[in-house]
Amino acid sequence: MHPRFAKPLDTLSAPLKAALLPMLGDDFQARFTPDQVATLKAATGLDDRALRLALLPLAAACSVAPISKFFVGAIACGLSGNWYFGANMEFAGQGLFHSVHAEQSAISNAWLGGETGISEITVNYTPCGHCRQFMNELSTAKILKVSLPDDLSALQSFLPHSFGPADLDITDALMSPQAHDELTLVSDDPLWQAALAAARQSYAPYSQGYAAVALQFADGRIFCGRYAENAAFNPSLPPMQMACAHAVLGGEDLATIRRAVLLESKDGQISQQDSARATLKALGSVELEYQAV
């Protein structure tokens, strides 16, 4: 078990703690299957919403917030029935625009886990405007519920007179299946192959700047991030930030990155290269490897 979970575990009820412990091994990927959820519910007698609220301290324990010291956790419910942790992440010494919000982290975890939508997101603080706009891009934005410790409401109630993809004549949505197979690369390098697969599933209907980052760590594990664009532009989530957030949820230390690659479309209107290099520079001395295809 990752040591970050030790303290929040001690705050949980004895039945919940006992049921959780076998699930929080070194291979825990910050998600729970429907069978695991059923086990936790049976052990505690809690319903879905109450159980997610009880688990929030564990999600918040994944937070990396050296600037704000404000630790936020989120849990996204995938349409498959899986639950996905998310936590906010900040980069010490870097502009605040590099930050990843907890809701973005949980949604990214679900998207990278193969989900095509989420039905509900549980968070320990009211979503900020940035996150409300980010969630309004989702395939399930019209039906998405936001669960807070003292409230359960539709996302749309947080966004009266909302602006979204349809206002820019876009019929696609974040988390809808993507297949940008026009992106090709001849390489037998597993890291570049991972980046290519992720880039083909990225979402960039406004700039066509399909892109992904793949990070390899000292233990050999690879974590990817896809570009997630937004109708309001600024809430778009860059692939480097998503990859870092995904790795942290997986228990990695970003100081142990050994290789980092960025693959993006050469035909896009934008490039992630400068942003990715700046983020990576804040984490250590690894040089970004780059290809536009």
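Note that Cβ sites are derived from N, Cα and C of the backbone, with glycine treated the same way.
For the Zn(2+) site, Swiss-Prot gives Cys128, Cys131; the one candidate out of His101, His161 that the record lists there too is His101.
In the three-state DSSP classification, Glu103 (active site, proton donor) falls within a helix. A separation of roughly 7 Å, to the nearest angstrom, links the Cα atoms of Glu103 (active site, proton donor) and Cys131 (Zn(2+) binding site). Residues within less than 8 Å, Cβ to Cβ, of Glu90 (substrate binding site) and separated from it by at least 6 positions along the same chain comprise Val64, Ala65, Pro66, Ile67, Ser68, Leu96, His98, Ser99.
With helix defined as DSSP H, G or I and strand as E or B, the domain 'CMP/dCMP-type deaminase 2' (186-293) counts 34 helix, 28 strand, 46 coil.
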